[in-house]
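Inspection log for the structure reproduced underneath, given as structure tokens.
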């Protein structure tokens, strides 16, 4: 009986892990972008997601041109226009200088009922997300690791670890 409970617990855990992967399989994990292995054009080079007037964040990030930012830029800028219902109307992402990052935050236009939120960040491909309010429309300095030898490990979700522990507890 104990062996049967153990096999059942392991099977349920495997099903949960596999189903989690199926749920997220349709989405690209833009956070898991590794630093490029090709030589950089100059010291402290970086890349940003870049797009001009994209309709949504997914397509902006997915089809972003993969090129190094110019040497006179230090940050990634994101400009997000959206309706009062939160629907994106325009997304622009690009490499930016410090001067272009002075005007971060959100501004609501009463005439057109649209909001524009601007954010800047520092680091390799740091502009994954869209600014949507005053808490994330900020100038964020995040020093990304820029080594080509770094490896990204897959860490299971915390709730799966708790679930596994709960299944194994009766067997102990």
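Backbone N, Cα and C define each Cβ position, glycine as well.
As written in Swiss-Prot, here are the features:
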type	residues	note
DISULFID	48-76	disulfide bond
DISULFID	51-60	disulfide bond
DISULFID	69-95	disulfide bond
DISULFID	101-120	disulfide bond
DISULFID	106-117	disulfide bond
DISULFID	121-126	disulfide bond
DOMAIN	46-137	domain 'UPAR/Ly6'
REGION	46-140	region 'Sufficient for inhibiting alpha-7 nAChR currents'
SIGNAL	1-25	signal peptide
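Feature annotations (Swiss-Prot) mapped to structure.
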residue	record	DSSP class
48	disulfide bond	coil
60	disulfide bond	helix
69	disulfide bond	coil
76	disulfide bond	strand
95	disulfide bond	strand
101	disulfide bond	helix
106	disulfide bond	strand
117	disulfide bond	strand
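For residue 69 (disulfide bond), the same-chain residues that are 6 or more apart in sequence and have a Cβ closer than 8 Å to its Cβ are 45, 46, 47, 48, 76, 95. Sparsest Cβ environment among the disulfide-bonded residues 60, 76, 95, 120 (other Cβ atoms counted within 10 Å): 95. Per Cα geometry, 101 is the residue among the disulfide-bonded residues 51, 60, 101, 126 nearest to residue 117 (disulfide bond). Between the C-alpha atoms of residue 126 (disulfide bond) and residue 120 (disulfide bond), the distance comes to 9 Å. Counting every protein chain shown, 21 other Cβ atoms lie within 10 Å of the Cβ of residue 101 (disulfide bond). Around residue 48 (disulfide bond), a 10 Å sphere centred on its CB holds 26 further CB atoms from the protein chains shown.
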